[in-house]
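J.: After the C-alpha cells below, expect a handful of questions from me.
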Amino acid sequence: MAPIAIEPIIVASTPSSKIAPSITSKGTAMDAISDMVDEVNVYRGTHPSAPQPSDCDDDETWRTEGSRFDSEKDKTDFRRYEDALDHVKAFYKTQHEKQTVAFNIAARERFLHNHHASMTVWEAIEKLDTLVDESDPDTSLSQIQHLLQTAEAMRRDGKPDWMQLTGLIHDLGKLLCFFGADGQWDVVGDTFVVGCAPEGTVYPHTFANNPDSRDQRYNTKYGIYQPNCGLRNVMLSFGHDEYLYEIAKRESTLPQAALDMIRYHSFYPWHREGAYRHLCDAEDEKALENVLAFNPYDLYSKSDSPPDAKELRPYYEGLIEKYFGGKDRKIQW
Ligand SMILES: [Fe+2]
Ligand SMILES: [Fe+2]
C-alpha cells in the first residue's frame, strides 16, 4: 500500500475550528464511542471485585506508589454509565461479532505490514486531534487534551519521563481511523483474546453471533493456545493498543514497561477482571503491575482542566527527542 501524504496539520484548538468533513464525521462518531467506552471503564474501576495491584518488593516507586492526583476524585459516577449503556451495548455487539481469528490475521497483515504515513510524533498527535467530538464541544475533551492530561497527571505525581511520554502517546494508535480501519470496532473499545473462549468481557452474550464461538478450534478455554504460554504469544483483538505497541517497539527506545502499558491498556478483562490467568506466565505478572500503574492516569485525568498544548509542547518534544531519536524524526506509521 502506498504511503499517505500527510499535510501540515492545523490543531483544532477551539470548538469552532473547522475540520475537513470526511475526518469530522468519522472522528466524531469514533471519539464519542471511545469516550463512552472509557466511562464504562471508570465505572468498572470502582467495582468491588476489581483486583488491586499486588505488593512488589522492588524499589521502582513509579510502579509501587500508585497515583495521588486522583485521590480527591469521585469515581462513582453511575449516572453517566447508565446514560452510555445503550450506545456502548451496540458498539460492543458489533465488536464482539466481528473480531474473529480470521479478521485479526488479516488486520495484522494490513495494518502492521504496510506503510500508511510518515509523521513526527507531534504531527501524529496533531493529526489525532482532528478527531474532535463537535457534537458537544463545550464538555468533550479533544484527543490532544486527553493525551496531555494523562501525561501531566503523571508528571505532577513525579512519575519518570518515559512514563509521561507513554501517557502522551498511548492513544496514537487511533490513527488507524485515518488508515482505512473498517469501523470503530477495530480501533477502540476493550480488547480480549481471540482464538479461545472470551473471558471477563462486558456483554458476554454478544459473542453469540461471532463465527468463532461455533468453531471448536476457537471456542474452548484454551482454544489454539497452550497453558501459561504468556500473553506475548496470544492474539488480542485488534485495535489502537496493538497497533501503537508495534510502532513504539520498532520506532522508540521506550522501556518494556512502557510497551506493556501501551499494549494492554484496553485489556480490561485481564487487568480489571482477572481473566485469562491460565494463559499468563511470570512475565505477565510484571506487565500487569505496569498496566495497573498506568491505568488511573488514563481513566481519571479526564476531568482535569484542559492543558495548554502550545505551552507544553517544548517539554514533551524534549521527551520525544530522547526516546524517538529526535523531535523532527519522521516515524513510519
Ligand atoms: Fe486507549
Ligand atoms: Fe486513553
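Just so you know, glycine gets a Cβ as well, placed from its N, Cα and C.
Keep in mind the model is a prediction, meaning the values are calculated, not measured.
As annotated in TrEMBL:
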- 45-68: region 'Disordered' (REGION)
- Arg79, Asp133, Glu134, Ser135, Lys174, Gly189, Asp190, His265, Ser266: substrate binding site (BINDING)
- His146, His170, Asp171, His240, His265, Asp298: Fe cation binding site (BINDING)
J.: Mind running the binding-site residues Asp171, His265, Asp298 against ligand 2 and keeping the ones whose CB falls under 6 Å of it?
T.: Asp171, Asp298
J.: Near ligand 1, which of the binding-site residues show up if the criterion is a Cβ under 6 Å from one of its atoms? Options: His146, Asp171, Lys174, Asp190.
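T.: Listed by sequence, the hits are Asp171.
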J.: With the Fe cation site defined by His146, His170, Asp171, His240, His265, Asp298, which remaining residues of that chain have Cβ atoms positioned within 8 Å of the Cβ centroid?
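T.: After dropping the recorded site residues, what remains is Leu147, Thr150, Gly173, Lys174, Ser266.
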J.: Could you check which of these binding-site residues, His146, His240, His265, Asp298, sit within 10 Å of Lys174 (substrate binding site), going Cα to Cα?
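T.: Cα within 10 Å of Lys174 (substrate binding site): His240.
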J.: Give me the Cα-Cα distance between His146 (Fe cation binding site) and Ser266 (substrate binding site), rounded to a whole Å.
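T.: Cα to Cα, His146 (Fe cation binding site) and Ser266 (substrate binding site) are separated by 15 Å.
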J.: What's the CA to CA span in angstrom from His170 (Fe cation binding site) over to Asp190 (substrate binding site)?
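T.: Distance (Cα to Cα, whole Å): 14 Å.
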J.: Using Cα coordinates, what distance in whole Å links His265 (Fe cation binding site) and Asp190 (substrate binding site)?
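T.: Distance between the two Cα atoms comes out at 9 Å.
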J.: Who sits close to Asp171 (Fe cation binding site): which same-chain residues at least 6 apart have their Cβ under 8 Å from its Cβ?
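T.: In sequence order, Leu128, Gln143, His146, Leu147, His240, Leu244 meet the Cβ cut-off.
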J.: Tell me which residues of the chain lie with their Cβ under 8 angstroms from that of Ser266 (substrate binding site), as long as they are six or more apart in sequence?
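T.: Result: Val188, Gly189, Asp190, Thr191, Gly239, His240, Asp241.
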J.: Just how many other Cβ atoms lie inside 10 Å of the Cβ on His265 (Fe cation binding site)?
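T.: Total other Cβ atoms inside 10 Å, all chains included: 26.
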J.: Measuring CB to CB from Asp298 (Fe cation binding site), give everything in the same chain under 8 Å that is also at least six residues away in sequence.
T.: Asp38, Thr150, Gly167, His170, His265
